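Trainee: Please read through the structure below; I'll follow up with questions.
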Amino acid sequence: MSVPSKTQKPFLQALAGETLSPPPVWLMRQAGRYLPEYRATREEAGGFLDLCYTPKLAVEVTLQPLRRYAFDAAILFSDILVVPNAIGRQVAFKQGEGPVLDPLTSRADVEALEPGKLRERLGPVFETVRGLASAIPSTTALIGFAGAPWTVATYMLEGGSSKDFSVAKSWIYSRPDDFAALMEVLISATTDYLIAQIDAGAEAIQIFDTWAGVLPETEFHRWVIEPIGRITRALHEQRPGVPVIGFPKGAGVLYETFIRETGVDGVGLDASVPLAWAAKTLQPLCTVQGNMDPLLLVEGGPLMEQAVKRLLDTLGHGPFIFNLGHGIVPQTPPENVARLIDLVRAPR
C-alpha cells in the first residue's frame, strides 16, 4: 500500500504554509467525555491511565471522533503526565480531583528521576501511534504531542493542578539551580518522547504549554521560549520535515516573540488572542491554529455561527487551521460539533 503524500493531507499542507479554503479543522480534546462512545470505552478501561496505556482502547477512542466528524487530523489519545509517570513519579487521576502526583521536594528527587527508562515504559503509547498510523484515513494527519517542560514541571512540583503556582515559582526564584536541573531532565525526556512518537508514525507534533501565561516576561523567555525552542530545533534537526505546533496558552503579546524565537511551524492561539492582531502580526510568521472559545461550542446556534464566520473572515486568507482556544469541554452537545464542521467546510 502506498503511503499518502503530504499534499493529500490538508492539515500538513496548511502547516507547510499553504492557504486552503476551506481550512483544515480538528479540535483539541476531540476524543473525550462529550462523546457517549468515549464514556463507554473509558468505563471499559477502568482508570484513565489504563485507557492511555492500553493500545487497543487508546486507538479506539482516537478514532471515535473521526468516524463522526471526519476531522482533518487525529491526535494521539494520551496525557501530558505520562512523561513524569514514565521517569519515575507516581501519577493518579482521581474522580472530581484531577491529576494527583507525588510532588518533588528536593534536588535528590530530581536526581532520582529516570529519563533513560522513558522509551521502555511508554512502549504502549508508541504501539498506539503505530496502530493509528495504519488505521486513520489516507487524508487524515496524525498528531503526536507532549506537555511543555514548564507545564509538566508545575504538576511535578505542585503535586497536581494549582491556582497560583506558588511552589513552582518559588523553585524558580529561590532554588534556581534545582529548577534548572529539573527542566534539563524534562527537555531531554520530552525530546526523546516526541522523536519516538515520530518514529512510530506521528506526522506532526504539538507541544502544549497550558500554564505558559502565568509567568512574567523574563521567566517566560527562560522557561517557555527557550525549552520549546530547544525541543523544536532538535526535532527539526533529527526528524526534518515533521512540523511542530507550539501552544503557549495565555502568552498574550509574547506570542510574536515565541514564534520568532522557537522556530515553530505553527502556533495554537487561545481564545483571548485578538483575531485582527493575529492576522497582521502572527500569521505572516507561521501557520495559526485556533481559537474559538470552547464554551461557544457548548452554546451553538447563532453565536457559534458568528464566531466561526469571524474566524474564517479574519484568518482564512492565510495559512490557518480551525480549532478551539482550548479543549472541548464535557458538556458539549455532539450535534454542535457536527454543525461546526459543516460551517467551516461550507462553500464560501
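Cβ coordinates come from backbone N, Cα and C, glycine included.
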Trainee: Quick one: which of H317, H326 does Swiss-Prot put in the substrate site with R29, Q30, A31, G32, R33, D79, Y155, T210?
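Mentor: Swiss-Prot names H326 for this substrate site.
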Trainee: Let me know how many other Cβ atoms fall within 10 Å of the Cβ of D79 (site 'Transition state stabilizer').
Mentor: 17
Trainee: Among R29, Q30, A31, G32, R33, D79, Y155, T210, H326, which the record lists as binding substrate, how far apart in Å are the two most distant Cα atoms?
Mentor: 23
Trainee: Please identify, from the binding-site residues R29, A31, R33, Y155, H326, the residue with the sparsest Cβ neighbourhood, meaning fewest other Cβ atoms within 10 angstroms.
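Mentor: Comparing Cβ neighbour counts within 10 Å for the binding-site residues R29, A31, R33, Y155, H326 gives R33.
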